[in-house]
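Take a look at the structure set out below.
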Amino acid sequence: AKPAAENLSLVVHGPGDLRLENYPIPEPGPNEVLLKMHSVGICGSDVHYWQGRIGDFVVKKPMVLGHEASGTVVKVGSLVRHLQPGDRVAIQPGAPRQTDEFCKIGRYNLSPTIFFCATPPDDGNLCRFYKHNANFCYKLPDNVTFEEGALIEPLSVGIHACRRAGVTLGNKVLVCGAGPIGLVNLLAAKAMGAAQVVVTDLSASRLSKAKEVGADFILEISNESPEEIAKKVEGLLGSKPEVTIECTGVETSIQAGIYATHSGGTLVLVGLGSEMTSVPLVHAATREVDIKGVFRYCNTWPMAISMLASKSVNVKPLVTHRFPLEKALEAFETSKKGLGLKVMIKCDPSDQNP
């Protein structure tokens, strides 16, 4: 292996304690590949772990951050056949450690022992060199950039949520929240056939971005009641949406989602807030509004790559800021302040292109 000085990594040590450190370059196992990292997006979860925890997931020992990533294969394990050095790949951060009951039914995201980048105690890939399960690295076509490859991870959240919601041709869809996850749900819904999408948020600037990437209607929330929000959504669409995708985790927004959804429709909870939430459950039950949860995603990378390669979805406008790995701390400050939408960290000093 090369000298350790060459694997600069962004490591969280505890609440508020983020450091750039040199780690050794790892050696790939038989079913792994060593990757030279290229582009890694900062996710809200990375910022939360910088503050120490997300719910039951607590940072107890130093952990490398980053899980929205792409890079180039530099070395392959002895049993790897489908990849070779030089291949550009997108990384699916969740790789099951065993073929358990959830893997057998194709819902490996629910496996309790899954490895997941930058979820304690597993290290992520905000570094120069990183090894990963080769079966969860997907080759990128020449017309898909590294940054698009990194954005497959957030896009997958949208694909999985829309799939759980049953979004189909001609649907009217409400997306609550215009942050990165709200916008990938907007993109996925449109790509999957939604005819009209309304996006709600408190922030006018985020809503203008939603409009830019394809929202049919935007609704700026100030202090309306959940029922009033539902009425406004219905007014914009002409009827209630068959599908609501809730990306904020805010109690009043979940309440509005229940009131807004068409009878017999589906509400999917993507953004998560406090564990106990007060909602008009009877209102949902008596109108047969199905409430579904999502946990990350599964089986989305191949279709996301096809969507990007065929230009049926455009994620490029989501990236608003870029920083080299050496300036990762500054990048995290930018992300934390909510100044940009998606902040991208460039890990390859010899190639800082998108």
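Heads up, the Cβ atoms here are built off N, Cα and C, so glycines get one too.
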Per Swiss-Prot, Asp201, Arg206, Val270, Gly271, Leu272, Val294, Phe295, Arg296 bind NAD(+); matching candidate in Ile181, Ile229, Ile258: Ile181
Same-site Zn(2+) binder from Cys43, Cys103, given that Swiss-Prot records His67, Glu68: Cys43
Distant-in-sequence Cβ neighbours of Glu68 (Zn(2+) binding site), under 8 Å, six or more positions away: Val40, Gly41, Ile42, Cys43, Pro93, Ala150, Leu151, Glu153, Pro154
Cα-Cα distance linking Gly271 (NAD(+) binding site) and Arg296 (substrate binding site), given in Å to the nearest integer: 11
Zn(2+) site shell beyond Cys43, His67, Glu68, criterion: Cβ within 8 Å of Cβ centroid: Val40, Gly41, Ile42, Ser45, Asp46, Gly66, Ala69, Pro93, Cys117, Ala118, Gly124, Ala150, Glu153, Pro154
Of the binding-site residues listed as His67, Arg206, Gly271, the one whose CA lies nearest the CA of Ser222 (phosphoserine): Arg206
Candidate recorded positions Tyr49, Ser208, Tyr297, pick with smallest Cα gap to Ile181 (NAD(+) binding site): Tyr297
